[in-house]
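Copied over from TrEMBL, here are the features:
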{"type": "SIGNAL", "residues": "1-26", "note": "signal peptide"}
{"type": "DISULFID", "residues": "CYS27-CYS98", "note": "disulfide bond"}
{"type": "BINDING", "residues": "CYS27", "note": "Zn(2+) binding site"}
{"type": "DOMAIN", "residues": "27-148", "note": "domain 'NTR'"}
{"type": "DISULFID", "residues": "CYS29-CYS126", "note": "disulfide bond"}
{"type": "DISULFID", "residues": "CYS39-CYS148", "note": "disulfide bond"}
Amino acid sequence: MTWTANSCFVTLAILFLWRGEEVAQACSCFPAHPQEAFCLSDVVIRGKVVGVQEVDAGNDINGNPIKRIKYDIEQIKMFKGPSYDIDAIYTDPSPSMCGVTLENNGKEYLITGKLNDDGTMHITLCDFIEPWDDLSETQKTQRYEMGCGCKITSASPPAWSAARPSACGRTG
């Protein structure tokens, strides 16, 4: 390699490694069983999107603006959560940052998420979010709350029942 090509390669490698921390911040999580999602969530609602907008959420440590997607929600039913209705849900703007895309077409969803300190609801790709019509009858009747005392495992019943009395098998 010539000196110019070698120098260019080294410079690009240094720049990539220096900015690699931003590239490496991708979303990943193990899909939760619906019961685990219910039990670990602060809020579980049935609702539909009635509006969408991008909003400012302050600045990061470098002074760059932080954007969020705000979904205006018509809450149909609260299964778990605060005593007030959820009228908006916030998420990150892109799936690579765990942001969720919901359709604004009248489709109803079962949505699990976290409650922020300011009382707003935040959702990520790691939460259990499904179109209402795609849910099983058990999921629709929300019988999961009765099983929050057990830990879901993927082992077959003899293995989990003998190992831990608080373990439950992973089923629909």
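Glycine is no exception: its Cβ is also placed from the backbone N, Cα and C atoms.
Nobody curates TrEMBL annotations by hand; they come from automatic prediction.
Model, not experiment: these values are computed from the prediction.
Features recorded in TrEMBL, as mapped to the structure shown.
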residue: CYS27; record: disulfide bond; contacts (Cβ under 8 Å, 6+ apart): PRO95, SER96, MET97, CYS98, GLY99, THR124, LEU125, CYS126
residue: CYS29; record: disulfide bond; contacts (Cβ under 8 Å, 6+ apart): CYS98, THR124, LEU125, CYS126
residue: CYS148; record: disulfide bond; contacts (Cβ under 8 Å, 6+ apart): GLN35, PHE38, CYS39
*Starting from the Cβ of CYS39 (disulfide bond), draw a 10 Å sphere and report how many other Cβ atoms land inside it.*
20
